[in-house]
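Pasting the relevant annotations from Swiss-Prot:
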- 1-6: topological domain 'Cytoplasmic' (TOPO_DOM)
- 7-27: transmembrane segment (TRANSMEM)
- 28-526: topological domain 'Lumenal' (TOPO_DOM)
- 28-63: coiled coil (COILED)
- 465: phosphoserine (MOD_RES)
């Protein structure tokens, strides 16, 4: 009897375990499918946004043409052809400066903006376009190795969702055709499938680069090199802008990390509700800088206005300054505003490996120090804010860097009364918050006995629950949460919005140091 009961009990345990495992597996699969659907929805949303932008452009152009035809038809039907011709020749409409204003020599040849060489199937409608400019190098070319690194680290389905455009910035057609021949031999399958395209500009695209003004202490040769480089970037961007949702600028002497494509795409989709302009996946120069396709027209136009004046990375920073910086505010305020348009992903996904520069005689031992670093902080886009703390910072791991996604915050032993303050530049409607302390190298350096508090813009007539009202402090802040096991997260009572500031308050002395490696103050999305 005991044996039978034991057998029944064993069977019940087995059945229960099996059902539990089956339920968990089903739940986990369902969760993964939901995440996948959410990503696909965000991707579709981005495609629709880009399509809407392009349709709007085409609609405006077509409307202008239709109006001209209607007017011409009406005038002709009234037997006023001569009068119409006189009007057209005597009256000139106001003109907005175009590419021909900045590069007037292009008017001398109607093919100046058409690739002299174009290899590939012309794939469009992808998520990411990767642009790689390359020129003749005196010592060694790294192009083949770069392409192998990019292509070999793509999964089959990813190869269908991107296009790699190699821009050969040379007008010597013999050299261009020799590069094309090498690429066709090495990557014939990728070219025929549409994954890889190769283009080169016509000789008439370039202006006279012999009499450029020497600036910033650069030699005449370097000024010519950087000026031509700006023009190369512009041609490549103009060619790429109609092909996909995002455009990422690469170089011909890099290697990449595994799973780079999926990482880039998911990071961009996570930020789809934010008004970013540049996502950075490398800290070096122009490598790994990604734009949204509709923004490329603005980038190209700005570069062409100043292509002879400054290098590309300086010009990019000027674009951001023009867009968001207030001349009446200080540099810190400007940096905070720019940080919302220029968002850095860490660790870097691209590493520079070229030793010999495309500039003749230049040796450059540039490497991205973040390429092999473990991820010690998690990056989010937070509302622009002035940050401050009473805590003693350790070795330059400042709160400002953490809030801007550059580094984790590390402070020496917190004591009762210490605080961390985030004062928003403008009041913000906040949906939720997340603060995570400690990291994988120092998991014990966490915030303990610390509360989360918010300061509403309006302290009176708040439509909030009695429970929330009871958490009001003497200085007008409301205590809405606390750290548990090093983490504080929660939903903000909508009645408290808009919020002027967040504050983390230490209420008891701590026995350990504190690291803050994740800050996410999530705005309400419209």
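Cβ coordinates are placed from backbone N, Cα and C, and glycine is handled just like the others.
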Can you give me the average pLDDT across the coiled coil (28-63), rounded to a whole number?
58
Three-state secondary structure of the residue listed as 'phosphoserine' from DSSP?
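Coil, per DSSP.
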Output, ordered by sequence, the same-chain residues six or more apart from the residue listed as 'phosphoserine' with a CB under 8 Å from its CB, or 'none'.
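Counting only residues 6 or more apart in sequence, the Cβ neighbours of the residue listed as 'phosphoserine' under 8 Å are 493, 495.
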